Every structure is written in structure tokens, then in C-alpha cells.
């Protein structure tokens with residue numbers, strides 16, 4: 001229904017008639033579902049889907065409504081990849097994050113509804129098994145799954161801290177070397193909960209390595225360092241693969257969908273899987289995130305009417321890190337972040353200063369053709385790269401992993417900036433902005449699907465068991 | 001040491017030499033204490049004090065360093081109560097809140113250190129009683145006090161949500177009718193935890209009422225509405241008693257000190273008190289808040305070099321609401337907020353539109369005398385207040401609770417704005433800004449001390465028991 005008319009009445013800040021009807025029906029239907037969950041055992045998954053839909057409607061409406069407010073408050077930016085460089089609201093990911101956090105907070109009671117009813121009614125008409133010594137003053141206090149509640153709350157804290165970091169960065173342009181550490185601090189709550197709840201620091205080794213190191217390798221405290229690194233890497237990695245309309249939200253949506261697919265593989269096993277709770281938890285966090293992200297994408301897709309800002313990228317990365325760590329599948333998460341890992345590795349020479357790094361490395365818009373081209377970093381004739389760097393650059397160019405220009409004397413005058421988006425443009429020639437975003441998103445999807453396939457099918461070649469087998473392997477991190 | 005020289009080298013953004021030495025020694029000493037707590041049972045209170053000191057140093061330094069950054073980002077305001085109306089950084093409460101949240105997050109493992117050691121080492125050399133069936137794979141998972149952890153985490157979430165609200169308000173000037181509700185939503189996590197952990201919804205009744213209503217009155221769901229109202233009232237009430245240099249931070253510090261005093265009364269009883277854990281929890285939250293608030297006051301006291309912004313007021317109110325609710329002494333908290341309650345009640349006619357309400361009601365600075373005078377709201381001769389309102393205004397003026405001016409025809413031309421600060425100026429004549437802040441702070445202290453005295457001594461006249469008696473009364477909310 002959205003955007004059916006060629007020129008919908010949505011240029012301003014109010015919803016069009018069809019959008020209003022759509023959102024009203026969504027919120028109404030979702031509210032009915034939400035109220036109905038109280039008749040059964042709480043049905044947390046149904047409640048979660050309903051809240052995700054409400055989050056979608058709320059986020060879609062609020063981004064529309066708040067545009068002028070954001071511009072007035074100074075959150076605005078020019079879209080450099082359009083002929084007239086329009087000025088549009090920036091940092092709308094903050095709205096997305098705020099709605100998402102609100103949804104998560106409202107959702108808190110639902111997964112525990114069954115336990116709450118059991119605790120308060122004495123469990124008479126519920127199928128909760130309890131022992132008489134647990135009844136204290138008519139309440140089953142000891143039966144309440146406080147550890148699950150603590151997991152859930154720690155996830156919210158880590159995400160909120162990240163939102164505060166993102167907003168701070170959008171406001172103040174925090175220096176790179178400072179902001180790198182903050183997601184590590186934001187991860188403390190989930191690491192503490194991981195420590196007291198699971199404390200599993202062993203990883204399963206591939207069969208070829210088992211004769212030398214045993215079946216399980218206990219990483220000990222290093223495992224926590226590893227998890228903190230996951231929490232620091234995910235937000236930055238989403239933030240690095242950015243710069244064209246829609247790419248930040250689209251990649252996050254692809255990763256979310258793949259994580260949901262992975263969860264579904266565990267939840268749809270023919271027998272109750274030991275990791276069911278972890279993957280339910282992951283769904284509770286991911287579905288509302290998909291809801292608000294789709295709403296944001298409708299505003300941020302080409303041609304963008306809002307920018308998402310650093311807040312969205314950090315927050316999105318932290319959502320993935322949180323479900324990966326607390327759901328015990330941080331290695332699987334790594335398989336879904338291969339394009340981000342590749343982008344980070346490819347960017348390393350510029351990040352570490354071996355090659356000059358301009359402030360922005362997003363692809364260059366060619367106003368004559370209306371297409372995107374690789375942006376470049378230049379060397380004046382007098383200041384050439386060091387010999388070893390020059391050799392490496394020429395080698396990369398020979399391998400079609402870089403585009404360089406040389407003058408008649410054999411000096412390197414310019415090289416394409418080292419990001420995945422520029423590399424894709426080196427390979428696939430000039431592309432329109434939306435086409436570039438679409439192709440990179442499809443790349444993310446294909447790589448991720450192959451990663452999941454590898455995880456669940458090929459992994460049996462080098463690991464002993466998988467979730468479809470009667471697994472004890474899932475007791476350790478996958 | 002701070003400000004010893006008449007013109008210290010602190011006009012810029014760097015610390016003076018003496019400040020640098022002070023902060024370095026504080027951080028060093030606190031770190032030593034922090035590391036030493038690991039040798040014993042964690043000593044959470046010592047660790048908390050050490051972290052509060054580090055928070056003080058960090059907050060004091062960061063407010064200094066970030067001043068120009070805030071001004072550049074548009075967070076600045078003119079001090080209307082100074083002759084030259086200097087422009088100074090605004091919203092520095094956000095720094096205070098961020099440092100505080102960081103301290104709380106770093107503190108998470110400390111109160112649970114003993115349990116973590118017991119859980120991981122098997123408790124061999126610790127005095128933790130455990131049963132053999134609780135040992136699972138060498139870890140005492142079931143003994144871990146998850147409910148305490150959940151309490152602590154829910155408090156952090158509520159505070160973070162409030163920080164986000166405050167920053168949003170400082171950025172966008174959220175409408176009053178919207179922002180009123182948000183602390184209520186922010187309180188959901190602590191209410192859920194209250195529900196599953198305690199669920200006590202009865203209040204002890206005064207002896208004169210007991211023949212009619214019984215000893216305990218069960219408020220049921222109304223008790224949750226009451227707690228949500230506490231959470232909504234506290235932030236607004238601090239925000240309403242504001243407008244002159246230092247008053248927001250000073251009143252918060254007085255309330256914090258009184259709450260700490262109240263906690264000490266429970267912790268220093270000659271026998272272990274049943275409410276010990278609640279009051280320890282309260283201390284864990286209050287001491288770091290005192291640390292960062294003192295640091296902010298050093299910058300915000302007359303003549304202010306920074307403003308605190310709405311963030312500080314909301315956040316401070318939420319700290320009090322959180323400890324009051326989760327520590328089960330929301331009624332005692334009310335006794336410490338009497339000046340805020342009085343201010344809100346006195347402001348009601350303006351808030352509800354019976355009397356015109358200008359955008360700002362802070363006292364007026366008289367540039368000729370350099371003193372503060374009551375600010376006024378005016379009626380042009382054609383637009384007089386309604387007859388009933390006029391009668392009430394004249395009555396208030398007769399009772400010395402308002403200052404009004406009338407013209408020769410008996411029309412009311414102006415009346416002082418209805419805030420505690422203006423009323424104090426009506427009573428005590430023109431005062432210099434720092435004197436006014438000091439007097440109102442002392443008022444807060446005296447009223448609060450009397451409140452605590454009433455709570456712990458006079459209460460025995462109308463309630464049966466108190467914390468110094470062998471109390472079962474403390475099992476319900478005090």
C-alpha cells in the first residue's frame with residue numbers, strides 16, 4: 001500500500017492516508033495478539049512478533065515525524081552521491097534504537113509470564129512442577145528463572161550503553177582510538193552473566209587437530225578476551241561497510257535473517273534441543289530488530305530521505321554480538337560476517353597508515369553519468385609510497401584487487417580506496433548507487449547462506465557432531 | 001588543593017598542576033584499594049567507595065576537558081543571572097551520568113565476587129554453605145544470587161533509559177506531556193524485578209487506623225501504580241526545583257547524604273538486620289552518585305562554569321526512585337523530598353493553567369543590585385484572572401505565600417511565579433544567587449533530617465515497630 005500513487009502525500013512529516021491505515025491495522029492486530037497471549041502460558045514468541053510489528057509501525061512513523069526536529073537540532077547531512085546534494089536528517093538510527101529498546105523493555109515480562117503466574121497463583125492450574133519446600137508465603141520464589149532474567153537484562157544494558165556511545169559519536173565525533181574500546185566496556189554485563197551462568201570456555205576442535213590438542217581446548221580467560229573482541233569488532237565492522245544509501249540497514253537485515261534461520265534450525269529439530277533456550281533468546285532480540293530495521297530501510301533506501309548515522313551501525317553490530325555471545329554461537333556469527341571481516345582486512349593498510357587514508361572513503365559520485373565510481377587516494381609526484389608499499393600496491397593491482405594509475409615515469413599517482421564497496425566498483429565498473437547496494441547485499445546473503453551450509457553440513461567433516469545429531473557438542477560454544 | 005591560587009591556570013580545558021596531582025593520587029589510591037579487595041571476599045563496599053572516588057576524578061576531569069566540545073556541538077546556554085550573560089557549556093549532567101553508568105557497570109562483578117569464587121573453586125576454602133546436589137560439573141550454579149544480580153541490572157537499565165530520555169530532552173525539547181510518561185516506562189524493569197523478587201504490596205497502617213482497616217493494607221496492583229508514580233515524580237520534582245547555579249546538584253547531594261545516613265542506620269544495628277541487603281544495594285548506587293555529583297558541583301557552583309541540563313535532574317531523580325523502590329523505602333524517600341513535593345504542589349496552579357505560566361520561572365537577576373528577585377507573571381489590565389483565582393491569589397498574598405502588585409483600580413497587575421525559589425525570595429528579600437542556593441540547600445537538609453528523625457523515632461508513636469526493634473515490619477515497604 002505504501003507509495004502506490006506516483007507522488008504520494010508523504011513529502012512532509014505526516015503519514016499518507018494509506019500509511020496511516022496500514023499502521024493502524026498493524027498496531028490493532030498486534031495488540032489483539034498481545035492481549036490474547038495472556039490467556040495461555042504467555043506465548044512469548046507470539047508476543048515478540050506482535051511487539052516487533054508494533055515496533056515497525058512506531059519506528060516508521062517516528063522517523064517520518066521527527067525529520068524536521070532532527071534537522072532543527074543540527075542532525076543533518078548532505079547526500080554527496082546525488083546531483084543536487086540534498087540536505088536530509090542524519091542519525092535516524094537513534095530513533096530506531098530507542099523504539100527497539102522500548103520494545104525490549106515492554107517485552108521483559110512476557111518470557112516470564114508462565115513463571116510469574118506459577119509464582120503468584122501457587123501453580124494450581126498450571127503444569128509447573130514444584131516442590132513443597134519451595135513454597136514460601138504462597139509464592140514460588142525459588143523457581144523463578146532469575147538467570148534467564150539476568151541474561152535478558154544484561155543484553156539490554158549492553159545495547160543501551162552502545163546506543164549512548166553511538167549518540168555520543170554522532171554528536172561529538174569521538175576519536176577513533178577512544179571509541180574502539182567503549183563496546184568492550186559495554187560488553188561487561190553480558191560477559192559477567194556469561195561467566196556466572198555458563199562459564200564454558202572450551203571450544204570443540206576440528207578432527208584433524210584432535211590427536212594433538214584433544215577434543216576440547218579450554219581457552220580459559222582468553223575466551224573472555226575473545227568475546228570482548230567479538231563485541232568490539234561487530235559494531236565497528238558494520239560501521240566500516242557503509243557510505244551508500246541503504247547499505248548499513250540492508251546488510252544488518254541480511255545478517256538478522258540468517259541468524260533467525262540458524263535459530264530456526266535449532267528450534268525445529270524433531271526433539272527438544274539442549275540449546276532451545278539460547279536460540280529462543282536470540283529470536284526475542286532479533287525479531288524486533290528486524291521490525292525496526294525494515295521501517296528504517298523504507299526511509300533510507302535509494303534515494304535516501306534520511307541517514308542512519310553511526311548509532312545504527314554500532315547498535316546493529318552490538319545486537320549481533322549480544323545474541324552471538326549469550327546464545328553461544330559467536331563462531332557461527334563469524335561465518336555470517338565474512339564480508340565485514342574481508343572489508344576490515346582489506347582496509348587494514350589504510351587504517352594502519354601504510355597508505356594515506358582520507359576522512360571519507362565512500363565511492364565517488366560522477367555527476368556526468370549519475371553512476372558511482374571507486375574513490376581514490378592520491379600521491380603527488382614528490383611524495384611517493386615507500387618502495388615496499390609500492391610493490392604491494394602493484395601486486396594487488398595485478399591481482400585485480402586494486403586500481404592504480406601511474407604517470408609516464410612509473411610513479412603511482414592514485415589508487416582506489418581500500419573498501420569492499422570500492423573494490424566491487426573496480427570489478428563491476430560504474431554502477432548506480434541502488435544497484436551497488438543491491439549487489440553487495442546479495443553478496444552478503446550468498447556468503448552467509450554458504451556459511452550456514454558449511455556450519456551445519458560441511459562441519460560434520462571436521463567436527464564430530466552437529467545440532468541435528470543428538471549433540472553434546474552444543475553444550476559448548478558453536 | 002583545588003583553586004588555591006587566586007587565578008588558577010584552569011580557565012582553559014586542561015587541569016591545573018595541583019588538580020592533576022590530586023586526581024592522579026586519588027585514582028592511584030583507589031586502584032590499590034580495588035586490587036586489594038580481590039584478596040578477601042571481594043569487599044564490595046570498599047570497592048564501591050574506591051570506584052566512587054575514581055568516578056569523582058574522571059567526572060571532574062572530563063567536564064573540564066569536554067567543555068569546548070559541548071559548546072561546538074551546540075550544547076551551550078547563557079547564564080541570565082550574571083551581568084554579562086556569559087555563554088557556558090550546557091547539559092554537562094550527561095557526562096556525569098555516563099561516568100556514573102560506567103562505574104556501575106565496572107562494579108557489577110564485585111558484589112558477586114564471593115559467589116563467583118565459590119562457584120568456580122568449589123567453595124573449598126570459603127565459608128559458603130552448599131549442598132552436594134547443587135554441585136553440577138564442579139560449579140555451584142544454583143547458589144548464585146541471580147535475583148540480586150537481576151535487581152542490580154534492572155536498576156542500571158532504568159537509569160540508562162532515563163539518561164537517554166534526558167539527552168533526548170536536552171537535544172529536542174520533548175513536549176512536557178510526552179516526557180512525563182517516559183520515566184514510567186523506564187521503571188518497568190525495576191517493577192518487574194520487584195514483582196518477581198518481593199511482590200510485597202502491603203503497607204503498614206498507623207495505629208489509629210488499624211481498628212478500621214487492619215494492621216496491613218494490601219494495595220495489590222495499585223502498589224505498582226504507586227511505584228510507577230514515584231518513578232515519574234522523582235525526576236520531574238528535581239527538574240522543577242532548578243534555575244540557579246548549583247541548586248540542582250546541591251539538593252541531589254543533600255538527598256543522597258540523607259539516604260546514605262538512613263542506610264547506615266540499618267547497617268549499623270547491633271544485630272544483622274533483615275533489610276541489610278536492600279540498604280547495601282542502596283549504598284552501592286548512592287556512593288558513586290555522590291562522587292560524580294560532587295565533581296559536577298565544583299564546576300556548577302556559583303559562578304557556574306557549566307550548566308547541568310535536564311539530563312542531570314532526571315537522572316538524579318531516577319537514582320533516588322530506583323534505590324527507594326528496590327530498597328523498599330519509597331515512603332522514607334518521600335520524607336526527604338518534602339521541599340520538592342511542596343514546590344510541585346505550590347507550582348500546580350501555574351502547571352494546570354489557572355495562572356499564566358511563562359516558559360522560564362527562574363528568579364530574576366537585577367543587574368543594578370547584582371541580587372536575585374522574585375520573577376513575576378503579569379496580567380494586562382484588560383485580561384484579569386478569573387474572580388475565583390483572584391480571590392485565591394489575594395488570600396495567598398495575605399498569608400505571605402505570594403507577592404502581588406495591584407494598580408489603583410484594584411486590578412492585579414502581577415504576581416510572583418509560584419516556585420519555592422521565588423517564594424523564598426519573597427520571604428527573605430533580594431539575595432545573591434549563591435546565598436539563595438545555600439539557604440534553600442540548608443532548608444532541604446533541615447527538613448530531611450527532621451524527616452529521618454520522624455521516620456525513626458516519632459514513627460513509633462503511630463506505628464508499632466521500627467528497624468531498631470526486632471522488626472518484622474521491615475519485611476514490608478518502609
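Each residue, glycine too, has its Cβ placed from N, Cα and C.
Sequence annotations record features per position, and here TrEMBL assigns transmembrane segment to B:20-39 (among others).
Residues of the same chain lying 6 or more positions beyond the ends of the transmembrane segment (B:45-66) and with a Cβ under 8 Å from any Cβ of it are 10, 13-15, 19, 22-23, 26-27, 29-31, 33-34, 36-37, 89, 92, 95-96, 99-100, 102-103, 106-107, 110, 280, 283-284, 287-288, 290-292, 294-296, 298-299, 306. Residues or ranges marked as transmembrane segment in TrEMBL: B:45-66 (among others).
Annotated transmembrane segment per TrEMBL: B:91-113 (among others), in sequence order. Same-chain residues lying 6 or more positions outside the transmembrane segment (B:91-113) and placing a CB less than 8 Å from one of its CB atoms are 37-38, 41-42, 44, 47-48, 51-52, 54-55, 58-59, 62-63, 66-67, 70, 75, 144-145, 148-149, 152-153, 155-156, 159-160, 163, 166-167, 170, 280, 284-285, 288-289, 291-293, 295-296, 299-300, 306-313, 315-316.
Only residues 6 or more beyond the boundaries of the transmembrane segment (B:149-168), in the same chain, are considered here, and those with a CB under 8 A from a CB of the stretch are 91, 93-94, 97-98, 100-101, 104-105, 108, 111-112, 174, 179, 182-183, 185-190, 192-193, 196-197, 231, 235, 281, 284-285, 309-315, 317-319, 321-323, 326. Under the heading transmembrane segment, TrEMBL lists B:149-168 (among others).
Taken from TrEMBL, the feature transmembrane segment covers B:180-203 (among others). Through the fold, the transmembrane segment (B:180-203) approaches residues 147, 150-151, 153-155, 157-158, 161-162, 165, 174, 216-224, 227-228, 231-232, 234-236, 314, 317-318, 321-322, 325-326, 328, 331, 475-477 of its own chain, all at least 6 residues removed from its boundaries and within a Cβ separation under 8 Å.
Annotation source TrEMBL lists transmembrane segment at B:223-242 (among others).
Marked as transmembrane segment by TrEMBL: B:249-268 (among others). The list of residues near the transmembrane segment (B:249-268) in space but at least 6 beyond its ends in sequence, with Cβ under 8 angstroms from a Cβ of it, reads 238, 241, 275-276, 278-280, 282-283, 286-287, 289-290, 293-294, 296-297, 300-301, 308, 312, 316, 319-320, 323, 327, 329, 332-333, 336-337, 339-340, 437, 440-441, 444-445, 448-449, 451-452, 455-456, 467-468, 474.
Here the transmembrane segment (B:280-299) has long-range neighbours at 2, 44-45, 48-49, 51-60, 63-64, 92-93, 95-96, 99-100, 103-104, 107, 111, 148, 151-152, 155, 246, 249-250, 252-253, 256-257, 259-260, 263, 267, 305-306, 308, 312, 316, 319, 322-323, 326-327, 329, meaning same-chain residues at least 6 beyond its ends whose C-beta is under 8 angstroms from one of its own. Here TrEMBL flags B:280-299 (among others) as transmembrane segment.
For B:311-329 (among others), the entry in TrEMBL reads transmembrane segment.
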